[in-house]
C-alpha cells in the first residue's frame, strides 16, 4: 500500500503512527520529549530509571519512524525514479530491497520505490500488536529486540540517502537543523543500546564522528 501525500502541508510520507494518549507508552514519549527539550541528547536517550528497556526502545522506534517519515516527506518531489534510479548513500553504498516475506530475494530498485517498501514494512511491524504491544501488561515477544534492530538499521538508510543525495534540497528548504538534530538523536540512541552494527553506519561515519565530538 502506497500513500504519497496529497498536499505539501501534511509533509509526511506515510500516515503518522500515533501512541494512544493515556497509555504508559504515551507517558514515556512525553518524558522523552521533555528531556530532549533540555538539549542534552546523551542524557535524553538513557533508559529512565525503573522503566522497561523493550518499551523504551519501542516508543523511540515509533518516534524515529514519525520523524523520518516527515523528513523524507519534505523532499519526495526531489527523490524520483529519474534522479534516484538506485537506492544509494553515495557512490560506494547501494541497497537492494528484501523483506523475507513478500520479497525474499533482494531486488534492485529506485530510491523512492525502496523507501516506499521500507516505510510500508516498518509501518506493518509497528501496527502488529504481537510485536509492538500497546496495552499495559502485554509482554514483548522474545524476538522484539532483533525486529527493532532491523527496523532501525533500515531507517538509518533513509537518513543516509537524504544526506548523500538530497542535502542540497534540505538546505534549500531550510530543514538542515531539523535533519541534523533528528539524526543526532537517532545516532545517540542506537549507540546507547548498541542497536546498529558499526559497519552499517559506515556511509555516514564522518558525520557521526563529528556529531559525537561536538558533544564531548
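Going from the start of the chain as shown, residues are counted 1 onward.
Note: Cβ is positioned from N, Cα and C throughout, glycine not excepted.
In sequence order, 75, 78, 79 make up the list of same-chain residues 6 or more apart from residue 166 (Zn(2+) binding site) whose Cβ falls under 8 Å from its Cβ. Positions annotated as Zn(2+) binding site by TrEMBL: 79, 84, 161, 166.
Shown in sequence order, 79, 84, 87, 88, 89, 111, 115 are the residues of the chain, 6+ apart in sequence, with a C-beta less than 8 angstroms from the C-beta of residue 161 (Zn(2+) binding site).
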